[in-house]
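*Asks:* Swiss-Prot lists 1-268 with the feature region 'Amidoligase domain'. If you look up Swiss-Prot, you'll see 14, 149, 150, 151, 189, 190, 191, 192, 193, 194, 225 marked as CTP binding site. According to Swiss-Prot, the UTP binding site annotation covers 14, 189, 190, 191, 192, 193, 194, 225. What Swiss-Prot records for 15, 16, 17, 18, 19, 20, 72 is ATP binding site. Taken from Swiss-Prot, the feature L-glutamine binding site covers 55, 355, 383, 384, 385, 386, 406, 463, and the record attributes it to sequence analysis. Annotation source Swiss-Prot lists Mg(2+) binding site at 72, 142. Here Swiss-Prot flags 293-535 as domain 'Glutamine amidotransferase type-1', drawing on sequence analysis. Look at Swiss-Prot and you will find 382 tagged as active site, nucleophile, backed by sequence analysis. What Swiss-Prot lists as active site is 508, 510, and the listing cites sequence analysis.
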C-alpha cells in the first residue's frame, strides 16, 4: 500500500485545536491497525522554539533524539503512543537554513533560488521523509497558523503540490474552523467558515473534510449549509464540541465518523476500531472517587501551557490512582517566608518544574524547604531538583551562601554548576544536553522501588548539573544520590532520608508519560500525595 497523506489546516482564528484534531485522528487510525505518524509545520522563522519565551510559545517538548519542538508533539506522542523525532517538527527557520546551506555549497549549480520550487521542494521532502520512516501507512501533517497568514503560504503551496506528486486519491485535506455562537440571537454563524474555505480554495486546495469547533451542536441543516457553500457533502462536515477532557475528543470524533470518512476517501477499507483501552481510560477519568491538591510552583504560572506535559502527567498519575488532581498554581516570585505556610498548608504534594533564569528561584527554594520540613511529598524536575539541592546545602549542610552558578557566579558554594562541556559554548540554540540519556539507579533507593530497574532512559534539557565537589559533604548530611549517569560523573536523581517522598530528577519524566502508561514517578508521586491526604483526614476524625 502506498503511503497516505492527511493535511490539517486551520482557519478563522488560531488556537482552535488543530493539534488535538490531528492527534485524535491519529489515535482513531491506529485503533484500526494502521501505522501512523504525525508532523507539525510551524511557520515562524526561529529554527526551533528552544530559545523562545514560554509566554509566547508555551512548553518546549523534547524528543528522544534531542529535538526542541512544539508542544503539539506532546499531544501527538500521548495520543498515538509513539516516540517522534526531530523530523516531526519543521519550522520555516529550518527550511531556510537548509536551503541557504545548500546554496552556499553550490548545490543549486548557479541557479536562482526561489520559493517555488526550492522552498516548496524542501518542505515536500520533509513530508516524504517521515513517510519513509518506520514503515508508515499514514502521515498526518498539521500546518501551524491560520489560512491567510503570509508566513503559511509556502507550506500551503507545498501541500497543494503533494496531491499532484502522489495522486489525489492518496491525499486528504482537513480544514479546522470556528463556528461561533451568538448568545444574544441564539445563532451559530457559518460565514467565517465559508470565507476561510474560500481563502483556502483560492490557494488551490479544496478541503475534503471540515471540522467545526463549536460550543453548540450543529444541526443537519447547518452541516448541509456549510457543505453546500464549501463544496463537500454535508456528512463530511464534522462537529468538534468543547469537552471536559482532551481524551474524550477521539471518542467524540469517532462518533461523528471522522476516521470512517478518511478511510473511505483514502481507500483504506472499513475496519472496526479497537477503542476498548481508550474508552476505559475516559470512563475512569470521569468516575474518580478521590481528590487531592498539588501545588505547582513556577514562574510562568499565568500561562498553563508552559507546563502542559507536567499537568498532563499529573492527570495520568491521578487516573491511575483513582484520584482527581487539582492544581494550585503558585507564582514562585510571590512566595515568601511570610506567606509560605498560608500558601502551602492545604496542599497534598509540591511539584517544582523546570525553568531558566534567576527570577522566582528563592520562592522555589522556599517550597523545597517547606516540603522537606513538613514531610510533604516533593517532586523536583530539572531546576526543581537543583533548587532542592541548594535548599539542602543551605539549611541542612550549613552552606548558607550556597547557590547555582547560573544565578550567582560569585557564590562561594556553587553546589549546582555549569557542565564542563558547556563552558566554551557561546550559542544558545540547540546547545544544551538534550534528548535521551541512560541513568543507573542504586538498589537501596525509592527510585529503584518506583522504576523496578537499575537502568533507565530519560529525556534531558539542561546546561547545569550537581557539582561533584559537594557530593561527599551533602551525602554525609543525608542526601541520597539515587541515580547517576553510567560514567557516574552526573547526578541524575536525588532523594532524602527520613522523608515519605522527596525526589528530584535532572531529567524531564513528563515527556515520556502517556495516558494509558503513566510515568512511574508521576504514578508514585500521586500515590504518596493521596496517602498523605487521607492519613491526615483519618487523624482529624480521630
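Using the three backbone atoms N, Cα and C, a Cβ is placed for every residue, glycine included.
Quick caveat, the model's predicted, so the values are computed rather than measured.
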*Asks:* Rank the binding-site residues 14, 193, 194 by the number of other Cβ atoms within 10 Å of each Cβ, and give the residue at the low end.
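*Replies:* Across 14, 193, 194, these binding-site residues, the one with fewest Cβ atoms within 10 Å is 14.
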*Asks:* How far is it from residue 15 (ATP binding site) to residue 55 (L-glutamine binding site), counting Cα to Cα, in Å?
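*Replies:* So the alpha carbons of residue 15 (ATP binding site) and residue 55 (L-glutamine binding site) sit roughly 15 Å from each other.
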*Asks:* Taking 72, 142, 406, 510 as the recorded positions to compare, which has the smallest set of other Cβ atoms within 10 Å?
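*Replies:* Each of the recorded positions 72, 142, 406, 510 was scored by Cβ atoms within 10 Å; lowest is 406.
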*Asks:* Residue 19 (ATP binding site) to residue 190 (UTP binding site): how many Å between their Cα atoms?
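*Replies:* Cα to Cα, residue 19 (ATP binding site) and residue 190 (UTP binding site) are separated by 22 Å.
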*Asks:* Hey, what's the widest CA-to-CA gap across 14, 189, 190, 191, 192, 193, 194, 225, the UTP contacts in the record, in Å?
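*Replies:* For the residues that bind UTP, the greatest Cα distance is 24 Å.
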*Asks:* By CA distance, which of the binding-site residues (17, 150, 191, 194) lies nearest to residue 386 (L-glutamine binding site)?
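*Replies:* Considering only the listed binding-site residues, the nearest one is 17.
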*Asks:* Compare all C-alpha positions of 15, 16, 17, 18, 19, 20, 72, the record's ATP binders, and send over the largest distance in angstrom.
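*Replies:* Result: 12 Å between the two most distant Cα atoms.
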*Asks:* Whole-number answer please: how many Å between the C-alpha atoms of residue 190 (UTP binding site) and residue 225 (CTP binding site)?
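*Replies:* That comes out at 8 Å between the alpha carbons.
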*Asks:* Can you tell which of the recorded positions 55, 193, 194, 382, 384 lies nearest to residue 17 (ATP binding site) in space, using Cα positions?
*Replies:* 193
*Asks:* Taking the Cα atoms as reference points, how far is residue 355 (L-glutamine binding site) from residue 142 (Mg(2+) binding site) in Å?
*Replies:* 28
*Asks:* Going along the chain, which residues six or more apart from residue 18 (ATP binding site) have their CB under 8 A from its CB?
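*Replies:* Residues satisfying the criterion: 8, 9, 10, 72, 142, 143, 144, 176.
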*Asks:* Using residue 191 (CTP binding site) as the reference point, find which of the binding-site residues 16, 55, 385, 406, 463 has the shortest Cα-to-Cα distance to it.
*Replies:* 16
*Asks:* What is the separation, in Å, between the Cα atoms of residue 508 (active site) and residue 382 (active site, nucleophile)?
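*Replies:* Spelling it out, the Cα of residue 508 (active site) and the Cα of residue 382 (active site, nucleophile) are 7 Å apart.
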*Asks:* Could you check which of the binding-site residues 16, 383, 385 is the closest Cα neighbour of residue 193 (CTP binding site)?
*Replies:* 16
*Asks:* What average pLDDT is reported by the model for the region 'Amidoligase domain' (1-268)?
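*Replies:* Mean pLDDT for the region 'Amidoligase domain' (1-268): 94.
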*Asks:* Using CB atoms and a 10 A radius, I'd like the single residue among the recorded positions 16, 20, 150, 382, 385 with the highest neighbour count.
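*Replies:* Checking each of 16, 20, 150, 382, 385, the winner is 385.
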